[in-house]
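Taken from TrEMBL, the feature compositional bias 'Low complexity' covers 12-29. Residues annotated as compositional bias 'Acidic residues' in TrEMBL: 35-45, 70-79. Residues or ranges marked as domain 'Major facilitator superfamily (MFS) profile' in TrEMBL: 117-546. The annotation region 'Disordered' is assigned in TrEMBL to 1-91, 550-580. As annotated by TrEMBL, transmembrane segment applies to 117-135, 155-175, 182-202, 208-230, 237-262, 274-296, 361-385, 397-416, 428-449, 455-477, 489-509, 515-541.
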Amino acid sequence: MAPLSYQPVSPQAEQQAASSGSSQASASARYTPDAEVDEDDDLDALEQREGYELGELSARQGKDAQLHEDDNEDSEEASDNPLSRRRRARSTASAQSFELYTSDEERRVKRKLDTHLVLFVALLYLLSFLDRSNIGNAKIAGLTDDLHLDDSQYAWLLTAFYITYLLFEWMTVCYQLFPPHIYISICVCAWGVLASLQSVVTSFPAMLILRALLGIGEAAFVGIPFYLSFFFRKHELAFRIGLFISAAPLATSFASSLAYAIVRFGNRTGIASWRLLFLVEGFPACLVAVWAFWWIPDSPQTTRWLNARERKIATLRMRKESSPTSTLAEKRSTRQTAIPRHKRKFAWSEVLRTLKDPKTYLTASIFFCCNVAFASFPVFLPTIIHSMGYSLLSSQALSAPPFLAAFVAVLLTAYLSDRHRTRSIPIILHALLAMLGYVLLALAPVLGIGHVMRYLAVLPVCTGFFSAVTIVITWTVNNQVSDEGKGTGMAVLNVIGQMGPLVGTRLYPDAEGPYYVKGMSVCAGAMALVAVLALVLRFVLEAENARRRSEWRDGPGEAEGEALVGGGSNRQNEPFIYLT
């Protein structure tokens, strides 16, 4: 039920009501519904005045509120004054009438954001990862034979992508500098065109240039977790980023299944299978880019598929996530929150603070180690499975199940991470799980492990590094307070983290088949280091949280990254607490 707008009584009217003794007249004079006032204006005014939402009061809360009113009144006077009793009785009803939104309304808004926004950007990431990793399927579909590529040239095709991908990671901050619906749609269209053009190349240099340009187009897109933080609170973000990242294993699984169909039937079209693969998997992104331009919102206030009430709720629920660099007036004013991010003043001080924070580099180091496996295994898995003794056609098909398992694991891990509000524990567990899988694959020739067990060892590897990547990205966004800090943190995460693929893309040369002991050993060590670094970061954050809580309890002062409301003691304003 939408809240009504009320006009408080003037002191003169209250005095007249008290002298008349008429409860009906008093109620009528004190609270007059105003049907002409727009609901949004009413919410704006209330938000500016109160600065927080009022939830529906339970019977117990209502009783406590009335007892609090009784403490502020003289009990003998209150018992003799009918107006005072009516004022106390109406205090609970007034609070309920003025609630900004109910929990049911908030759930409906989040459900719409999940189905309309998160799933859509997951689709975009599916297309992105598909166009990035399908070169592994193209390799065994005839790419290296037709273009006469040796191991070194093929490795350079992979490396060229990640060099430009690394150099343009700074573009993450563009989500705050430009309207996201324009920026994202341009990125999608760019990589769709470039991925499609791979189907017509006839030489190694042409393919190398296209792979490098593809890296630029996809680097501009990796700030989506930062973009999702515009719409979801900190403790809601892991599952949504999980939905987004889970598109990567789903894309790899889909690519393997599609490659199987293309290799089986593609030659009947008169087009080489690998060319058809690039075209079929690349061109759909160009069409989706048009849809993205119309569908992607810039902020909760501009979301076309939410109605006016839902847009207001989506905006109000995020006000506690606002930047600590904002002033008190900015935080409480709905006029300020209505200004698009790309039109607000950019706080360079927050960028510098993030760049000087050691925690930024700890998460980036974790991401680097994850990416040694994350960037290498998907593109080499068809080759690795083929080296186990399976046919080319079977290798394409058998590449899909491990990534389907990873898809399920990512969603489950992200959900549990949000539910229990922990990031380090899931990373540590999955890193150790992936390490165990790599160790089994590395020791296969020594232990005499057969191809069936080697294939099964691929499952914990895929589920492990995909899940760890999801949580470390979420962890980075969670533990930056401001928008500028989140964008900078994501940029640093990717600049350092994307150096991992420069190592990973050279771990599995054909000469080291069929066991690829060196590559498996390096990845096992990298995942072990992920577990160690996550544990170290957990200890660092716990110590920092303890320090902040101690300063907050001990008296006045301002913790780092905290804006005091109205000045004075920070005991009135609990400091920013890092998720561990």
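Cβ coordinates are placed from backbone N, Cα and C, and glycine is handled just like the others.
Non-local neighbours of the transmembrane segment (455-477) in the same chain are 225-226, 229, 237-238, 241-242, 245-246, 248-249, 360, 363-364, 366-367, 370-371, 373-374, 377, 381, 384-385, 388, 398, 401-403, 405-406, 409-410, 413-414, 417, 423-424, 426-427, 430-438, 440-441, 444, 449, 486, 489-490, 493, 523, 527, 530, 534, 579; each lies 6+ residues outside the stretch with a CB under 8 Å from one of its CB atoms. By the count of Cβ pairs under 8 Å, the stretch nearest in packing to the transmembrane segment (361-385) among 182-202, 274-296, 428-449, 489-509 is 489-509. Three or more CB pairs closer than 8 A are found between the transmembrane segment (397-416) and the transmembrane segment (237-262), so contact between the two stretches is assigned (pairs 6 or more residues apart). Touching of the transmembrane segment (208-230) and the transmembrane segment (117-135) is concluded from the presence of at least three CB pairs under 8 A, sequence neighbours closer than 6 excluded.
Note: the stretches the transmembrane segment (515-541) and the transmembrane segment (237-262) are not in contact (fewer than 3 CB pairs below 8 A, sequence gap of 6 or more). Nonlocal intrachain contacts for the transmembrane segment (489-509), taken as residues 6+ away from its ends with a CB within less than 8 angstroms of a stretch CB, comprise 151, 155, 158-159, 162-163, 165-166, 169-173, 219, 222-223, 225-226, 354-355, 360-361, 363-365, 367-377, 379-380, 383-384, 472-473, 476-477, 479-480, 516, 518-519, 522-523, 526. When each of 117-135, 237-262, 274-296, 428-449 is scored by its Cβ pairs under 8 Å to the transmembrane segment (182-202), the top-ranked stretch turns out to be 274-296.
Residues 116-117, 120-121, 123-124, 127-128, 130-131, 134, 137-139, 141-143, 146, 180-182, 184-186, 188-189, 191-200, 255, 258-259, 262, 266, 304-305 of the same chain sit 6 or more residues outside the transmembrane segment (274-296) yet have a Cβ under 8 Å from a Cβ within it.
Within the chain carrying the transmembrane segment (117-135), a Cβ under 8 angstroms from the stretch's Cβ atoms is held by residues 143, 157-158, 161, 184, 188, 191-192, 194-195, 211, 214, 218, 221, 224, 227-228, 231, 240, 243-248, 250-252, 254-255, 259, 277-278, 281-282, 284-285, 288, 292, 295-297, 303, 378-379, all 6 or more beyond its ends. In the predicted model, the domain 'Major facilitator superfamily (MFS) profile' (117-546) has a mean pLDDT of 84.
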